[in-house]
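J.: What TrEMBL records for A:18-237, A:490-697 is domain 'MacB-like periplasmic core'. Per TrEMBL, domain 'ABC3 transporter permease C-terminal' is recorded for A:275-396, A:730-847. The transmembrane segment annotation in TrEMBL covers A:270-295, A:316-349, A:369-389, A:410-434, A:491-511, A:723-752, A:780-806, A:818-841.
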């Protein structure tokens, strides 16, 4: 039996190839994510190993120490004590800070990196661990001297002897320094991972970064010959100050690498996850359909097996064995493609970082391999299960003659479909009424499944209407009739396309609603003409942004009426619960902010806040069950928990939902003292462009801060949504590709089954073009049918989600992106034509005589 | 299109058809010369492998001769392109096959009008009514083929061939899949269309009884015409066939 099914398997390579493609795509995205993460992780591990070469023990802030306020430091005396340990050969105190950003000498703009840290450090002379070496010049010896790495020099177009402007964190200002030398890393490397590094005289660095000389943020120790890393660590441990911990060099590398890897894995999962899911989901339909087709084509062969005494189980088994083989081949190819994807992705990311991450080849751990095979085989076998059962029900009589097996009635299908769809819609309504997301999401899922199952019922009415539009002439009408004659097959084929279109339509509705909402809200309620923003990829709010002194300078710019600086904390725990989703804000005068943002008081008063007072939006107020005048404990980023009294509640709007506003004094407890955003209103008749220029001059010293008018802000919001939609459109592309294969597959089967009909049509005078048009029309009807189902479902789900978000004040309008939806239909129709090309060509080339000849 | 000087609807001149090559070579037609008169019902008979179906396919423009010429009326069809043949079949030839004769997605009426729809022509309403009445399908026109009996299906196929008024109708074992009563109905109908409307019909069959409905029977054996019979009877045809089998078997 196995032999027989293997033989028949190889005789149908083409059709199975189509099924395999779906598995290959899905598995490659899945395994690619893992391979990419692992390979980049390995590169970072090499990176940390090279940073910590010769370091045997590292003393660094512990988790507790990182949260403590003020941040603990190590004193010179403690460094000396470590140096006096019997196992220590050398000790080096660490003086460093991130966010030290140089300005390009050519254009005066900040030289930022794409994600790599921008480091400043203090040096006394040669690095005892020889990681950094002078390439030319000398080490800095005064407050206004620096040494920069060669990469930094290249990025800023500067060289030894030049003056270089550098932004210093903590003091939050830009100063000019003289470059006394350039440095390279061990092995003559310009940079380790695309970071910039500026080295100051140690005393200056300590005063700038830590407020006084003689303080260090950590220490590196080298062991004497014969002393192991662990032995040295045990010697250091008792004298490590509070808030610090000692780790062996190996341990430190491992911890640092695994932290980076966790971050990478989150990114790759979010990026590749949806692709893998969509590809596999669509693949299930494709495989299901393929196996159905194979079973239908092989009916007489299977019946012969049965007639010769093969059992029910053997026939089912033979189909399932095929499925396993398809799964294995698909998984293998998918894994290889995934490794390629990982290789390409890692190369692309490395070049994006723009630096020489140490190469470590490609790392393929066991996880992606096991996952690839488990998922690939499981998906194939599950999809082939129903066709396998169907195969076993072929009556032995079918071997002898054509047994007409009419389509099963759709009654059972209807019931099953309704079992999903009815509770699904009920949950959707429940979710909308109760404005809770969980029933809404489950409802969407159930409704989706219900419609998938019910889609054969919709084939005749919906595809019939489509057919009336696209079925021109006799051959067009015949194509439409062919699409309608097997509703199940048409529906399953179309469902593959429907999945992708549903996702994209729903996302488009959400995206369009967000764009409109933001446009409306900002235009109606933001009174600022000039807006100051900070690129938040540069660090946590508070540590990046602009200082109060810059706010005062902006207030002095001619034409400026009012300025509202916004300080943001994203980690404040409120009332012993999670931070508010919209953020915790502080500003210097709530009364000015109220006018700037047209905030309306629902309860209490929106006046200038006194220390210990706060206001919140209505949604937060309601959901947390507060009362006006109540004291609420708030734990800010730093310092002890403190009671704040609720003195006012403002109306929730899309930009002010789930938010709190604290008085300026609370900023002391934020991650840093900087304001993240500034909103500037103008005097009557002031020239916006002139004010933008004036504010830009003030902000020129703060590397991550940008200044723009209101339309610049809108563009920025829109570009976020466009990026999100862009990813989703790529997703649609993948889904359409797989769906195309499904249509191709179905058409090939139909042509095979209707050989005689085609022969008859040709005999009575239908020319080749007519045949091709007939097949093309059938294809377009299926594709547009799937697309329309997807659009109806997607717009419905998108609108439901949007209205739930309106309920929570994230949105104000539901907007339907008509243009995009029309584009989807056109794309589907074109896809239908493309899918039909080859089958239509085959149908047209059919030998008329062979088609009508009878045995 | 049939010219006044001749009443030949289709003819073959020194028609050769060779399949395969070398050891596997099969010669289906060996220089057949035949003329089929217009307004007649001609049957082509012969044992299996005699080349009767091949001859019909080549005359109808479904298959190409290896050597020699085939004509419909005065049009030489040998050497026509695929589109030329398609146009010829569409406008000048009708077909009735043994089975799978109708499109299952179309109603009986749509099937009947299919060749005209493909050609983009409208049926002559009077002629259409006549055809429908003759085949006796008046109340079944809205049915799908799956709702019709085998005999009814074949009558629909006959109506389809007739309604376009082709120069010649080729029927390939039209009664092969029918019980004798339905078969007799279809054959009677074909004969009547020749007598009453002057239709030309060429029928391939191996059933002597079916052949007896024809005006003339041509006998083929081993790829060549061996005999013919005018105004045949079933018994006469059967006797001829027996002789043929003996000679073919003996050869």
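Backbone N, Cα and C define each Cβ position, glycine as well.
Situate these features within the shown structure.
T.: Using DSSP to sort the residues of the domain 'ABC3 transporter permease C-terminal' (A:730-847) gives these counts of helix, strand and coil: 101 helix, 0 strand, 17 coil.
Away from its own ends, the transmembrane segment (A:369-389) comes close to residues 19, 23, 26-27, 30-31, 34, 280, 283-285, 287-288, 291-292, 294-295, 316-317, 319-320, 322-324, 326-328, 330-331, 334-335, 338 of its chain (Cβ-Cβ under 8 Å, at least six residues beyond either end).
If you look at the transmembrane segment (A:410-434), the same-chain residues 6 or more away from its ends with a CB under 8 A from one of its CBs are 440-451, 453-454, 456-457, 487-488, 800, 803-804, 807.
If you look at the transmembrane segment (A:491-511), the same-chain residues 6 or more away from its ends with a CB under 8 A from one of its CBs are 278, 281-282, 285-286, 288-289, 292, 448, 451-452, 455-456, 458-459, 463, 721, 724-725, 728-729, 731-732, 734-736, 738-739, 742-743, 745-746, 782-783, 785-787, 789-791, 793-795, 797-799, 801-802, 805, 814-817, 820-821, 824, 828, 831.
Using a Cβ-Cβ cut-off under 8 Å and counting only residues 6 or more beyond its ends in the same chain, the transmembrane segment (A:723-752) has close neighbours at 15, 18-19, 21-22, 25, 271, 274-275, 278-279, 282-283, 285-286, 289-290, 293, 296-297, 482, 489-490, 492-493, 496-497, 499-501, 503-504, 507-508, 511, 758, 775, 778-779, 782-783, 786, 824, 827-828, 831-832, 834-836, 838-840, 842-843, 846.
Outside the transmembrane segment (A:780-806), and at least 6 residues removed from its termini, the chain residues within Cβ reach (under 8 Å) are 428, 431-432, 435-437, 440, 443-444, 447-448, 451, 455, 458-459, 462-463, 466-467, 470-471, 479-480, 483-484, 490, 493-510, 513, 739, 743, 746, 812-814, 816, 821, 824-825, 827-829, 831-833, 835-836.
Only residues 6 or more beyond the boundaries of the transmembrane segment (A:818-841), in the same chain, are considered here, and those with a CB under 8 A from a CB of the stretch are 470, 497, 501, 504-505, 508, 512, 732, 736, 739-741, 743-744, 747-748, 750-751, 771-773, 775-776, 778-784, 786-788, 790-791, 795.
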J.: Restricting to the same chain and to residues at least six past its boundaries, which positions have a Cβ under 8 Å from a Cβ of the transmembrane segment (A:270-295)?
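T.: Same-chain residues near the transmembrane segment (A:270-295) but 6 or more away: 12, 15-16, 18-19, 21-23, 25-27, 29-30, 32-33, 36, 302, 319, 322-323, 326, 375, 379-380, 382-384, 386-388, 390-391, 394, 489, 492-493, 495-496, 499-500, 503, 727, 730-731, 734-735, 738-739, 741-742, 745-746, 749.
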J.: Give the residue counts of the domain 'ABC3 transporter permease C-terminal' (A:275-396) per reduced DSSP state, in the order helix, strand, coil.
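T.: DSSP composition of the domain 'ABC3 transporter permease C-terminal' (A:275-396): 102 helix, 0 strand, 20 coil.
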